[in-house]
Amino acid sequence: MTFITHMDLIIILYFSHFLHSFKPLQTNAIKTSKYNPFTFLPLNLFEQFQRIANAYFLFLLVLQVIPQISSLSWFTTVVPLVLVLTVTAAKDATDDIVSKCVLCTISPLRSEKWMDVQVGDIIRLENNQFVTADLLLLSSSEPLNLVYIETAELDGLVYFLFNVYNLKPAVRCEPPNNRLDRFTGTLTYAGQKYPLDNEKILLRGCTLRNTEWCFGLVLFAGPETKLMQNSGKTTFKRTSIDRLMNVLVLCIFGFLAFMCTILAIGNCFWEMNEGSQFMVFLPRQDGNNAAFSAFLTFWSYVIILNTVVPISLYVSVEIIRLGNSFYIDWDRKMYFSRYNTPAEARTTTLNEELGQIKYIFSDKTGTLTQNVMTFNKCSINGKSYGEIQKLEITKHTDTVDFSFNPLADPRFMFHDHALVEAVKLEDPEVHAFFRLLALCHTVMAEEKKEGELFYQAQSPDEGALVTAARNFGFVFRSRTPDSVSIVEMGEERSYELLAILDFNNVRKRMSIIVRSPEGKLCLYCKGADTIIYERLHQSCSKLMDVTTEHLNEFAGEGLRTLALAYKNLDEEYFNQWKQRHHEASTELDNQESKLDELYEEIEKDLLLLGATAIEDKLQDGVPQTIEQLSKANIKIWVLTGDKQETAENIGYSCNLLREEMNDVFIVSGNSPEDVRQELRSVKRLYHFSLDKRTLGKGVKLIADELVNGEYGLVINGHSLAYALEGSMELEFLRTACMCKAVICCRVTPLQKAQVVELVKKYKQAVTLAIGDGANDVSMIKAAHIGVGISGQEGMQAVLSSDYSFAQFRFLQRLLLVHGRWSYLRMCKFLRYFFYKNFTFTFVHFWYGFFCGFSAQTVYDEWFITLYNLVYTALPVLGMSLFDQDVNDVWSFQYPQLYIPGQLNLYFSKKAFFKCALHSCYSSMVLFFIPYAAMHNTVRDDGKDVADYQSFALLTQTCLLFAVTIQLGLEMSYWTAVNTFFVLGSLAMYFAVTFTMYSNGMFLILPSAFPFIGTARNSLNQPNMWLTILLTSILCVLPVVTYRFLFIQLCPTINDKVRMDLLPKQHLPPPPLRTRIRRTSSRRSGYAFSHAQGYGDLVTSGRFLRRPALSGSSGFANIGRTTTGFSPMGRSAGYSPTGRPQNAKVPDVEVTSLQMYRTVRDPAF
């Protein structure tokens, strides 16, 4: 892209409320990150303090600086709080830097960055470059200033070009908006106004193809471009566990206040009844009464009992998330060697959310498919060819040798040798079949060098068919507005092009009328089998039955089919028909209906030739991935800009739609009433029950439906626009949620985001959006989880995503393995962390009743400091980073293991309260058993052992053993690291305890180490170890009993799978079942991505591009090249040549189809 100069143009943006409005020129800079250097600190702190726990610790810090309240130093809270905030901020900054958009530079005349381009600038684009802003096309390297573009990232866009270079016009256009299919504006020049519409604009996100260069005027730049208007806003994403944690932390705060209130009330009564007895050696300060003492005690216990929500919880959570993100980055099974692309976790805060996905919203082109069409099979005169391709094809499978044809495309592969033998044996039906494919199309052929053919097809379907004919000896060579030249088995022949009956979505067929060199008139037709069959001659009935069987087989394998037919025409009849067509085309009333009657008249009594079967190549493993995800109870919705037939065909190919489904509903109403009626008719036809609950602010929550059977839904974009209206969105969602699979076709990027938001609003489910193009950005941002495919459509989707990889098939590993493990580990971590800290804290609560509610701690201060930091940190981190209930292979074998995550069974409010009750029981055991064991107890030598320090040591030792054993029960997968962490933490405890309670430490700092000799004097007594053993057994026994009974009486899916795997642990897992395609289908396999409107271009003299070199008519030993296709769209109808049959257009060179109209106004 080259920056030239600022053109003397006025870009006037008009709005509805006033005519003229000027605004500063918009630069082309866009932002895909959340922060910048100035907003990072305030925004990040604001985001972090949305966690209620962080705000709580800040409040504790304030309390600790009050000496009358705090029994702990202020730095014990400020240091970990600052550490947490710093670590989290560094992680968020790293994630945000990764997501920043890459800015590309541009070359000669004046090189600039994309971000510096402004409205009104003229830029130069070169071949294969992205269009960087919304441009008015000015000129190009092609004759008549025509360009070719690939709109893979934008759906349904068509363009128009005219030359206004060296002019000084004024452009007035619409304000920035998100309508990809509409543009209005005017260009004023020399006192005259010329209209500008969508056909004259190149939109950001397209790619220039097969055009050396072009110049364009920037109309919209940066966030004002239509693509960015559809992209949505970057939002802060939080997991459902984070949101649940905020609720639970509020509950914990309430419970903490409740405990502190009880203890404060107890202190008040104790001071009134018992406190006076201690005033001799604990005199009260002046003015301090029992009520004030209770007030101070309340806040003292707030500080002491704050460990119910330890700040180390959030440090550990961030470490766990970071570790699980590294697992995704390091996973070699998600590495795509062809593009050298590994999987990447672009955020570290959403890993556990991957284990709870209920709805997946997927793009089609580039995500499910490769957008590559291959000619796989065909049926000619009742014989099916290509059957060998049913077998597993490997690189060693023999392919057809096309060396006899020097013009063959070397990339074309076919494995059935019978077809090429039939061609060589000059089978007339086979020759007629490929002759039709070589003639009946709108492809253009460019031959820059002799024999180097390059095809430009409006759709990849047509490109595949013409390439197949080319390789089997019927080579489309060139065309003029009134002729088509092909090479038939080495002989060059020119057919006179008399008329094209163009394709459209209603006709679903395309016909061409040609005159052969021998003077024979013939109509060739290709289209949907259901349409062609209605127009066949009755003599074709037997052939039609056989061909139907073949079509059913092709459709059952997910191939896209077309039926081919022809008809010989009488010269006199055709002349009469053409005259009547001319008269009908000039009618003002009922023109379309009269033309349709003429089309129907000539396209009847056709003779069937056969059928083609094209495979829209899926990415590797797509059907198996969708099948696995469906077994995991994940619903998949495909949101695509393709036509209905194409999207539906891909749905069957990738196993999203299946023949076994009870029904597939089609919603295609053209008005709100029609759409509403179609949705309601589905409910009346198939009764199903819906459970509705109400969320906050009156939003109704639609629960999962109870449906008998499996259903699919296909809805068009214009119908979806009505279905998403407020009065109908619930109707649509109810019907869609009833279905196993949903396909929305012809949708805009904004509609994709609206569908995702609709499900998020009314379904209590986690959503994931996956796509590869800029048109998927809004959907990716709207979903809870956004996944970008780093493929052929640029990096826009990847830059906006949370996770990225190169192939759709990696999604099942991301969810069923990494996602499930992350969710399982996080839930186990939270359950255990709350258990060990609640148990630790509740012991303080019980001790308060025996220490006069004096806010004295039951443990040594060093134990309080090191409990979460050293003694219990590594074991729980080891479990949270390495634990797995089953390995990755068995996770694929049992995708049902994913379902508990969708139902929040591992961690919820219910699980939290169970954990709290368990902790309450354990704390009572850990306090009262040691208390009773030491009451009136003496040592072996008769000395008293019942002192505070010995009791504190015994209680904390029992606590540590109990929580460690509980951790062992939680762990499903023991590794050397886990074992080392568990045993090492216990060893660390005893080493630190004996060190800190030694004489040496006391002599160094007596006030910090008052427990001199306690460890060696207490732990050498047998009754101490008996008490530790007894408390450990009593703490664990109810857990073991409950789990045993639960597994026997009400086992979970995890219990069933693990019991099933016990006898198979030493056996290799069975291979995954390969997808078996059906060999028959009763549905039509018709799908043709060709768009309406190229007939008038083919038959006009305005599409000329450049002369084609005249080549040898024989198969000389000449070079050849590959074929490229550019999917685009147009609109038109029947297009006769409009000239005498034998007349030649003067000065018209042999050329190929041009994809765009030229301006008819002579002023240009």
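The backbone N, Cα and C atoms fix where each Cβ goes, glycine too.
Not measured: the values here are computed from a predicted model.
According to TrEMBL, the protein has these features:
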ACT_SITE  Asp363  active site, 4-aspartylphosphate intermediate
COILED    574-608  coiled coil
DOMAIN    26-78  domain 'P-type ATPase N-terminal'
TRANSMEM  72-90  transmembrane segment
TRANSMEM  247-270  transmembrane segment
TRANSMEM  290-315  transmembrane segment
TRANSMEM  829-850  transmembrane segment
TRANSMEM  862-882  transmembrane segment
TRANSMEM  911-931  transmembrane segment
TRANSMEM  951-969  transmembrane segment
TRANSMEM  981-1005  transmembrane segment
TRANSMEM  1025-1046  transmembrane segment
Original post:
Should the transmembrane segment (981-1005) and the transmembrane segment (951-969) be scored as in contact, given a threshold of at least 3 Cβ pairs under 8 Å and pairs 6 or more apart?
Top reply: yes
Original post:
Looking at 247-270, 290-315, 911-931, 1025-1046, which one has the highest count of Cβ pairs under 8 angstroms to the transmembrane segment (951-969)?
Top reply: 1025-1046
**OP:** Could you pull out which residues elsewhere in the chain have a CB under 8 Å from any CB of the transmembrane segment (1025-1046), counting only those six or more residues past its ends?
**Re:** 918, 921-922, 925-926, 929-930, 933-934, 954, 957-958, 961-962, 965-966, 969, 1019
Subject >> Contacting positions for the transmembrane segment (911-931) when only residues 6+ beyond its ends and CB under 8 Å are counted >> reply: 248, 251, 255, 827, 831, 834-835, 838-843, 845-847, 850, 858, 905, 951, 954-955, 958-959, 962, 966, 1027, 1030-1031, 1034-1035, 1038-1039
